[in-house]
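See below for the structure under consideration.
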């Protein structure tokens with residue numbers, strides 16, 4: 001995922017959500033450069049976040065989403081993780097599919 005994004009943008013985006021409780025997916029996606037990407041590239045980033053390659057991003061993987069962008073990214077709090085999941089999980093199955101992720105990135 002990192003090779004599709006600019007290091008400066010990643011740093012800026014991570015700095016913006018450094019404080020616990022400050023994570024906002026819309027702001028983060030825009031700052032990190034995801035929003036400007038094609039659907040295809042967004043799906044490549046999804047695959048990088050989907051650590052177990054299940055085809056879904058589960059709540060556990062979502063907690064560590066910032067680490068997919070940089071090793072020093074913090075863990076999301078439980079509240080942030082749940083809010084992120086709720087925003088993305090359109091079909092209510094408790095996890096985020098690749099199309100749900102792409103929709104979430106581009107709807108903001």
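If you go along the chain as it appears here, the first residue is 1 and each next one adds 1.
Even glycines carry a Cβ here, placed using N, Cα and C.
According to Swiss-Prot, the protein carries these features:
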- 50, 52, 54, 56, 58, 61: Ca(2+) 1 binding site (BINDING)
- 89, 91, 93, 95, 100: Ca(2+) 2 binding site (BINDING)
- 37-72: domain 'EF-hand 1' (DOMAIN)
- 76-108: domain 'EF-hand 2' (DOMAIN)
- 1: N-acetylalanine (MOD_RES)
Alpha-carbon distance [residue 89 (Ca(2+) 2 binding site); residue 54 (Ca(2+) 1 binding site)] in Å: 16
Binding-site residues listed as 50, 58, 93, least Cβ neighbours within 10 Å: 93
Cβ-centroid neighbours of Ca(2+) 1 site 50, 52, 54, 56, 58, 61, 8 Å, sequence order: 51, 53, 55, 57, 60, 95
Secondary structure content of the domain 'EF-hand 2' (76-108), with strand meaning DSSP E or B: 21 helix, 2 strand, 10 coil
Within the predicted model, mean pLDDT of the domain 'EF-hand 1' (37-72): 95
Nearest of the binding-site residues (89, 93, 95, 100) to residue 56 (Ca(2+) 1 binding site) - Cα to Cα: 95
DSSP three-state assignment (helix, strand or coil) for residue 56 (Ca(2+) 1 binding site): strand
The one of 52, 61 whose CB sees the fewest other CB atoms within 10 Å, among these binding-site residues: 52
Binding-site residues near residue 95 (Ca(2+) 2 binding site) (Cα-Cα within 10 Å), from 50, 52, 58: 58
CB within-chain contacts under 8 A for residue 100 (Ca(2+) 2 binding site), separation at least 6: 88, 89, 90, 91
